[in-house]
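The transmembrane segment annotation in TrEMBL covers 7-30, 50-70, 82-100, 112-130, 151-173, 199-224, 245-263, 269-289, 301-322, 328-346.
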Amino acid sequence: FLTGWALILTYAVGSVAVAIGWSGYVKSLFLGMKLPYLPERLTRNPLDGGTMNLPAGLVLVLILGLLMVGTRKSSSFNNLMVGIKVGIILIFLYLGGHHIRPENWHPFFPHGGWGVLAGSMTIFFSYVGFDAVTTASEEAHEPGKDVPFGIIASLGISTLLYMAVSLVLTGMVPSASLNNPAPVARALLDVGVRFGETLVTLGALVGLTSVLLVLLFAQSRILVMMARDGLMPRFMYRVNRRFRTPVFTLALLMVCVSIPAMLFPIGTLARLTSAGTLFSFILVALALIRFRSLHPQKPGAFRCPWVPWLPMASIALDLLLIGSVPRTTLLLLTAWLAIGIAFYVLGKQGLFPSASVGVDETET
């Protein structure tokens, strides 16, 4: 339960943070093209001197509306978005590669080892979602092969692309100038590539849109599966007869993520998402060690190697990264877990009975 509860935090808060970044790129696109845009107070949260970040809330509503229509339509849309954003990343690498200044890489660790650790904790947020493939295992043709391959391939390709983009980006401009909502677009603008700046901004919007689709899809499926096991209210398990999607769950998500997206800044949310993800990974590693000790010979299509040493190394690295976050983030994570434990106790007392019918038999 705690693993699922931590993942709820990861995907919900993660989608909010991504939506805020999406809003920043939309603003950059409109201003860069000299087009009229929303008043400043409608693009900034109250903590940053505005009224609300309206675009961030609207994009979440639109994506969740798309997910309500059905998995097939949203999957086709996501495949298109992924193809476009990978193409634009390659264009950025080509354009930015001609403006690399090696002196921008000196000193290579301007804030020392602890700076690298703190940066790793923040950038870990970029990798949130690779495990979302597992939430669609029931809809895969051969989950024993498709799911492990999807996780490993997506993580490997994403890592290579992130490393290449980071290398080019930090070589183009000083790292201190990257602290803004649209760093890639701003870097191209600073080196005089105006056409590339607009193109990459569009690519960033496409990329962030596909990320939102994956995060919110995974979030809804986690809630549905927990409701099926009696760990969440039963209405979250109900599926609409026409669209075959958990409309009630998606509607609840629409409220729970769109409002924070309009009212909170991105920095705290990104750190909280990373901390929640790392905590869930610790629980998964512990569960793997225990499962392998209880069922050492149980066959499986995919088996983790070097148990228990690899899971133990994972736990150690996760704890190291969690220890680098600000105390406020740790307090928020602790509070969320405490709420989850209370929620679990209520569920064990029969507040949330497990579903007794299949998804295909339920309706709204």
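Backbone N, Cα and C atoms are what each Cβ position is placed from, and that goes for glycine too.
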Look at every Cβ pair spanning the transmembrane segment (50-70) and the transmembrane segment (328-346), keep those 6 or more apart in sequence, and say whether at least 3 of them are under 8 Å.
-> no
Residues sitting near the transmembrane segment (328-346): Cβ under 8 Å, six or more positions beyond its termini, same chain?
-> 1-2, 5-6, 9, 231, 268, 271-272, 275-276, 279, 322, 352
Any chance the transmembrane segment (269-289) and the transmembrane segment (82-100) are in contact, meaning at least three CB pairs closer than 8 A with a sequence separation of 6+?
-> no
Of the listed stretches 7-30, 82-100, 112-130, 151-173, 245-263, which one has the most C-beta pairs under 8 A with the transmembrane segment (199-224)?
-> 7-30
Which residues of the same chain, at least 6 past either end of the transmembrane segment (112-130), have a Cβ under 8 Å from a Cβ in it?
-> 10-11, 14, 17, 151, 154-155, 158-159, 162, 211, 214-215, 218, 270-271, 273-275, 277-278, 320-322, 324-325
For the transmembrane segment (82-100): best-contacting stretch of 7-30, 151-173, 245-263, by Cβ pairs under 8 Å | 151-173
Would you kindly list the residues that approach the transmembrane segment (245-263) from elsewhere in its chain, counting only those six or more residues past its ends and only Cβ-Cβ distances under 8 Å?
-> 12-13, 15-16, 19-20, 45-47, 52-54, 56-58, 60-61, 64-65, 67-71, 216, 219-220, 223-224, 227, 235-239, 269, 364
